[in-house]
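Down below is the structure, laid out as structure tokens.
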Amino acid sequence: MARMRFPGAGLSIPLLLLLLLLAVGCRAEIRNVWIKADSRPLIVFERFGFGGRGRVEISASDLLLHSTSSKETSPPDLAQMGFFLTTEADLVQVLLDAERHASDFCVLKNSQNQVRVLFLLNQVKSNYTNVFDVADTNEYGLFFANCQPHIRVSMKVRTSMYNVDANGRKNFLPFGQTELPALYSIFALGYMVVVGLWGYVCYKQKPNVHKVHVLMLVLVVLKAVNLLAQAVDLEFTKKTGTPHGWDVVFYLFSFLRGVMVFTVIILIGTGWSILKPFLQENEKKVLMIVIPLQVLANIAAIVIDETGPSTRDWITWKQLLLLVDIVCCCAVLFPIVWSIKHLRQASRSDGKAARTLVKLTLFRQFYIIVVSYIYFTRIVVFALTAASDFKYRWMAACAREAATLAFYIFTGYKFRPAERNPYISLEEEEDEEEALQEALKDDDFEL
């Protein structure tokens, strides 16, 4: 029987490397996966960091094989299908070897030095369960290889990867991420302090509090609860391998926080309730685009977390989440640019150039900080995650949360309710606001 052509040419190598990088964010839970009539040559299950006393538990049952070729009469060779562990560097070497021997290559047979074969399907009868020790400190990916392209595999798989401490306790979080529950708890406490300070400022400046200030308070509360739920979720996962329902709480507040953060940025960028009491039609359209996209993004995030990379459509959902996030990040910049454009025009025509230029400077600062925040949390943090050693991967999460907290504090400080705030309320400057409203109505803000 001719062996399969192992993916090594064309887009296969970049795709597999992308899978490995994207799998960094997978939840380290006990997973029950049902593979249904799957002919993929390589299936990624998990990526896990081991600390020297690691274990991999795998159970496979209800094995069923289907041939996709009516011409193939010989029985499938179960020795050419199985599970293996490998590091990212070794997988790259495997792919390079596959390039050179593409017509007759099977990772389970030809790459013994680069992969650790756990078991082959010829060892699976009705049910197979085994525990494998991982004695070295390294990050491994768990894969299933099918070296027979005409065979579709169906089976139930249960995977569990964990480290064992000196007292024999299991730790289901990857080595390098065990600090995350404590980290998120600390940041949740920090946001609670911010909530208290913001509430105090709003109370002391009650006559100058606008609707957007209330929404900013709600956003910080949602962020604090979201981090607290994430910390509890990961703590239960760390000890038991399952979140015990806290993932539902985490998803709920992630959704609310995700919608609220983009909404607040857009409203601040438009000057709503502070500079003007209404939204222009184009500003409403931005909100009507961003809010449904955030709903879609949160659905994609839930699917990604709950299914894992072994699902066929996992990479599609991951790409969809990335695309939606990019669209939302670009959309929130438009209202800020429109406000800057309007203020430039107003500074030449309203007779109050000095006062308007103060507002213009504030909007320019806000634009720069929003762009910096988006760039850092989306690009720099991803690069830090991909480039850092797995033992220090928690530092990427720390950098992201620290940048987010700094962004919230900067925005709150610049747009805090204050008597001498650069913004001028309707009641204080009605004549200026009338001229401003007239200018807004006549301006299409086309970029």
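Heads up, the Cβ atoms here are built off N, Cα and C, so glycines get one too.
Because the structure is a prediction, the values reported are computed rather than measured.
Marked as domain 'CAND6/7 N-terminal' by TrEMBL: 32-163. Residues or ranges marked as domain 'GOST seven transmembrane' in TrEMBL: 181-422. The signal peptide annotation in TrEMBL covers 1-28. What TrEMBL records for 182-200, 212-229, 249-274, 286-304, 320-340, 361-386 is transmembrane segment.
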If we call contact 3 or more Cβ pairs under 8 Å (sequence gap 6 or more), are the transmembrane segment (361-386) and the transmembrane segment (249-274) touching?
-> yes
Sequence-remote contacts (6 or more beyond its ends) of the transmembrane segment (249-274), Cβ cut-off under 8 Å?
-> 210-212, 215-216, 218-219, 222-223, 225-226, 229-230, 232-233, 243, 280, 283, 286-287, 290-291, 294-295, 297-298, 301-302, 305, 328, 331-333, 335-336, 338-339, 363, 366-367, 370, 411, 415, 421, 423, 425
Counting only residues 6+ away from its ends, which parts of the chain sit with a Cβ under 8 Å from the transmembrane segment (320-340)?
-> 262, 265-266, 269-271, 275, 280, 282-283, 286, 289-290, 293-294, 296-297, 300-301, 304, 360, 363-364, 366-367, 370-371, 374, 378, 445, 447
Take the transmembrane segment (182-200) and find every residue of the same chain, 6 or more past its ends, with a Cβ under 8 Å from one of its Cβ atoms.
-> 216-217, 220-221, 223-225, 227-228, 230-231, 234, 394, 397-398, 401-402, 405, 408-409, 412
Take the domain 'CAND6/7 N-terminal' (32-163) and count its residues per DSSP category (helix H/G/I, strand E/B, coil), listing them in that order.
-> 23 helix, 73 strand, 36 coil
Restricting attention to the domain 'CAND6/7 N-terminal' (32-163), give the mean pLDDT.
-> 87
